[in-house]
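> According to TrEMBL, the protein has these features:
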DOMAIN    8-97  domain 'Copper amine oxidase N2-terminal'
DOMAIN    133-236  domain 'Copper amine oxidase N3-terminal'
DOMAIN    262-670  domain 'Copper amine oxidase catalytic'
ACT_SITE  D340  active site, proton acceptor
MOD_RES   Y424  2',4',5'-topaquinone
ACT_SITE  Y424  active site, schiff-base intermediate with substrate
Amino acid sequence: MTRAQTCHPLDPLTAAEISVAVATVRAAGATPEVRDSMRFVEVVLLEPVKHVVALADAYFFPPFQPSLLPRTKGGPVIPTKLPPRRARLVVYSKRSNETSIWIVELSEVRATTRGGHHRGKVISSEVVPNVQPPMDAVEYAECEAVVKDFPPFREAMKKRGIDDMDLVMVDPWCAGYHSDSDAPSRRLAKPLIFCRTESDCPMENGYARPVEGIHVLVDMQNMVVIEFEDRKLIPLPPADPLRNYTSGETRGGVDRSDIKPLQIIQPEGPSFRVSGHFIEWQKWNFRIGFTPREGLVIYSVAYVDDGRGRRPVAHRLSFVEMVVPYGDPNDPHYRKNAFDAGEDGLGKNAHSLKKGCDCLGYIKYFDAHFTNFTGGVETIENCVCLHEEDHGILWKHQDWRTGLAEVRRSRRLSVSFVCTVANYEYGFFWHFYQDGKIEAEVKLTGILSLGALPPGETRKYGTTIAPGLYAPVHQHFFVARMDMAVDCRPGETFNQVVEVNVKIEEPGKDNVHNNAFYAEEELLRSELQAMRDCNPLSARHWIIRNTRTVNRSGQLTGYKLMPGSNCLPLAGSEAKFLRRAAFLKHNVWVTPYARDEMYPGGEFPNQNPRVGEGLATWVKQNRSLEETDIVLWYVFGVTHIPRLEDWPVMPVDRIGFMLMPYGFFNSSPAVDVPPSASDLDLKETVVAAKPIQNELLAKL
């Protein structure tokens, strides 16, 4: 090699690389006016083709795995260095209201703070017509200031008894797409208004007093209010004495005093090993990445199987979209159907866990770097949390004849991040288990988005939680995109998907006792056939199989997608939000891998006028799935009927799914997990086997 490779091809962009990419694009602007109007929505790694990743893992980065590449006569030809890394930028022009995509080659990047230098080269740029990119926090802050300074708005608030604008909270929401007036020819926001009770209390729950009856439309390009109407004077809800959620006296209450300390300690340190963004733990190994849109990304997931070496499971795992539709047809709630990944960005709204982390034990944190709207680099410190957790019993058995017992405790490795989108918090977790399972979990918490009620009224589309306050019914949907690679090295296309349903045997000579049932498999041969829904009545699940690899029983090796609790949209087929979210109509979709098919609602769902863009359109090609590079899309959700117990803060709700080995191993990979110290102490109390057996025989 001519020089050491400092960044793996899948490592997230460094702060220096982001700066180089932004400077390169800005320098390419034709005039000072063009350069000054550039707003940088997203700067991310342009992920290389899978062969480059395999080459890097085989020869350039530990643990060096030449087996990832196919054997060739005369031995492999190893290049002296990897191709340069590339950045992909989404740039919005405040001047022209145009969105463009730029590809920049990062030829050489060194830290400028150390007197280094940088060089980037524009590979391509194109304007994407008729789209609006995600909103940015800078825009939200400017929008709030503009609305609060708008004289008719101030007058409307005076009618509601509010003179102090410091009490007012303006939450800009993307306009969505309900009619031609929402077309992306304008960059629009339709804010929701709330009002605190005490301006000198920064910890007050401002979402406890929604302001309704005021319609505001903001042109976000020019940052001006273009529509305003005080439609209905609905009194502000009275201050709820239970509205605050901070500790003890700060909320006017008393905290519990009977909780004893619980300490999680690892005196010998963790069992995982970290090298850059490469993780090794309990036969698992994978890489982690992070993007402004998806947040956490898991790459190159593999299991080191004794005797069979490193066995790939998935190339890339992430949460690519989420949609939150509300079920109240009244204004403004009917238009609350946020695409929190595509309109805002899960990663850009991630927390620094320095400010509060729910992880215990020995923790490894990873920072995340982003561009802000004007092109500067911002860092979220301690953004991703990596740690081990005790997870109860892994397996147990006691022999009644001998009295001998074996028990093993389960430990799992968790990788996670948490983000806040307005009033809601979402925690995204990938759990790796010692028995070969992978669990995807989303934890939902935060504060309900409320509506105001006129005195004496109730509303059937929500739950009254305090005088003048109700919480509308709504749903949360998440989309996991899983680029699978079960027993497939890079470049191999040997996967297929099988649906399994449990069937009851018909009465007759094969079922004389009427107790028979069996599992029936069906190969999903094409994309249109693979648009599937969950069915707990038939224990429906799906198996991703390798068509060329078998286990000791001669069965094809595979991994099973095991659904958790789930739902489908509780909306009519003509619901406006389903124009942009047609992918919610089914729980499972399967496509052959295509590099540009990343987001189920298309790359730009904000104000998107095109019906069914993304996944619902791609599958119309009806491509073959019989033996290919499989991408599995799983749509899962929860229907939230709010309770009084969800106020003032909502306890965590958990939903998710499991990827489980299915014939992947020749026997249980959990059998070699050693007993814990408490298990070994237990064995000292076991009585000799023979006397117990004799006693049982005597009783018989």
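Placement of Cβ uses the backbone N, Cα and C atoms for every residue, glycine included.
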> Name, in the order they occur in the sequence, the residues of the same chain whose CB lies under 8 A from the CB of Y424 (2',4',5'-topaquinone) and which sit 6 or more residues away.
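For Y424 (2',4',5'-topaquinone), the qualifying residues are V324, L444, T445, G446, I447, S449.
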> What does the DSSP secondary structure composition of the domain 'Copper amine oxidase N3-terminal' (133-236) look like, as residue counts for helix, strand and coil?
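Computed counts for the domain 'Copper amine oxidase N3-terminal' (133-236) are 30 helix, 26 strand, 48 coil.
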> List, in sequence order, the same-chain residues at least six positions removed whose CB sits under 8 Å from that of D340 (active site, proton acceptor)?
M322, V323, V324, L346, N349, V421, Y426
